[in-house]
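Annotated domain 'CSC1/OSCA1-like 7TM region' per TrEMBL: 1-213, in sequence order. According to TrEMBL, the feature signal peptide maps to 1-21. Among the features that TrEMBL reports, transmembrane segment is placed at 83-111, 143-171, 192-213, 219-238. Annotation comment: TrEMBL describes 304-397 as domain '10TM putative phosphate transporter extracellular tail'.
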Amino acid sequence: MLAILISLVPVFFRLMGKVAGKPTLSAVELRCHESFFWFQVLQVFLVTTLTSAASSAVPSIIKDPSGIPNLLAQSIPRASNFYVSYIILQGLTFAAGTLVQIAGLVLFYVLGRLLDSTPRKMYNRWYNLASLGWGTVYPFQEILIVVAVTYAPIAPLVLGFATIGLCLYYVAYRYNLLFVQTSIIDTKGLSYAKALNHTLVGCYLGVVCLIGLTAIQYAAPALFLSIILLVVMVLYHMSLKSAMEPLIHYLPRSLEAEEAALLAGLNDASGIQTPESKGLTSYERSVNGAVNQKHGKVSLFKRWLRPDIYCNYDAMRKLIPHDFVDIHYTPEQARDAFQHPSVTDTVPLLWVPRDEMGVSRQECLHTNKVTPMTDEGAYFNEKGKIVWNRESDERPPIYEEKVYY
């Protein structure tokens with residue numbers, strides 16, 4: 001019951017985002033992402049931690065009120081036992097449920113027979129992949145990271161279980177995103193940037209918890225070091241925000257130059273030119289080829305010390321396959337590439353099932369004078385139910401070729 005109630009929270013936040021006046025669906029999704037994450041932190045993490053620590057310490061506090069600091073210092077780490085169980089439960093059940101897709105199975109076979117009353121609905125349910133919202137996916141993973149990072153200095157055992165749980169999340173979502181689900185709302189990577197910033201919440205909570213525990217135990221040196229760590233973390237957060245802020249809303253043109261330089265260096269080695277590198281001179285290609293040479297086998301420790309060299313844009317770009325497929329666009333597709341769909345969409349085709357009495361053909365004949373209409377590909381059976389042959393080799397009338405820009 002609790003899981004069902006929590007699953008309704010993102011729906012409520014999306015509705016509130018629309019009521020608040022967010023102009024686009026991506027803005028609504030980002031608002032849902034932000035709100036649902038803080039709901040998870042407050043309700044699932046902080047409230048549970050405080051109530052668990054307080055409830056376990058109440059009997060001892062009543063007997064000896066003077067021992068409150070020591071009791072809290074002992075009971076707060078014990079609350080990590082709950083989160084070990086929570087991470088194991090989420091990692092196993094949630095990942096398994098994501099792969100099994102029970103909800104999708106029920107919607108497809110049960111509700112599909114009850115709700116799909118037109119050929120178009122049958123085709124859309126069969127053809128389109130299930131969609132997911134990043135405002136729902138990210139917070140579930142972020143809360144595991146926040147819990148693990150917060151309890152890392154207090155109960156390091158949580159890190160091991162969190163690693164296993166996140167690996168199960170990764171395997172499940174990797175399979176689903178490749179073969180089962182798709183994302184209709186494109187946030188242009190803003191959800192990922194927001195998720196990176198949210199992971200710092202766990203760092204803040206962990207340091208604040210350390211400060212509280214060291215203050216309770218009157219450990220002055222540890223308290224001083226914890227305060228210094230908090231100051232350093234705030235400075236790092238400010239530096240990270242100032243570095244990422246220009247990249248969140250604006251695409252730097254320097255990436256285009258780096259992309260062309262990298263492709264030119266790869267083409268010199270392979271002898272194949274791509275459209276991005278055809279405009280470069282031979283001198284530029286030779287310079288870029290020398291700059292973008294592989295560093296050879298480098299130790300993991302050296303890569304960790306110098307990410308600016310071994311994990312920069314050029315190094316990471318080389319790991320991506322360079323399969324340049326020639327895509328040809330029609331003049332209409334090239335013209336409408338950056339137009340809003342409401343400007344370029346055509347009148348939708350009405351698709352009705354064919355009947356033996358010829359009523360559908362007569363309606364198509366009259367309606368085609370105003371709006372396109374067809375009765376091909378679907379028909380009424382002897383029981384009066386609509387039938388659409390999924391295994392037919394013929395494409396349905398409403399089929400549209402997907403354009404990849």
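Placed from the backbone N, Cα and C atoms, the Cβ positions cover glycine too.
Count of Cβ pairs under 8 Å against the transmembrane segment (143-171): among 83-111, 192-213, 219-238, the largest is for 83-111. Sequence-distant neighbours of the signal peptide (1-21) (same chain, 6+ residues past either end, Cβ-Cβ under 8 Å): 27-29, 31-32, 35-36, 39, 133, 135-136. Counting only same-chain residues 6+ beyond the ends of the transmembrane segment (83-111), those with a CB under 8 A from a CB of the stretch are 125, 130, 140, 144, 147-148, 151, 157-158, 161-162, 164-169, 171-173, 175-176, 180. Mean model confidence for the domain 'CSC1/OSCA1-like 7TM region' (1-213) is a pLDDT of 83. Secondary structure of the domain '10TM putative phosphate transporter extracellular tail' (304-397) per DSSP, as helix, strand and coil residue counts: 29 helix, 11 strand, 54 coil.
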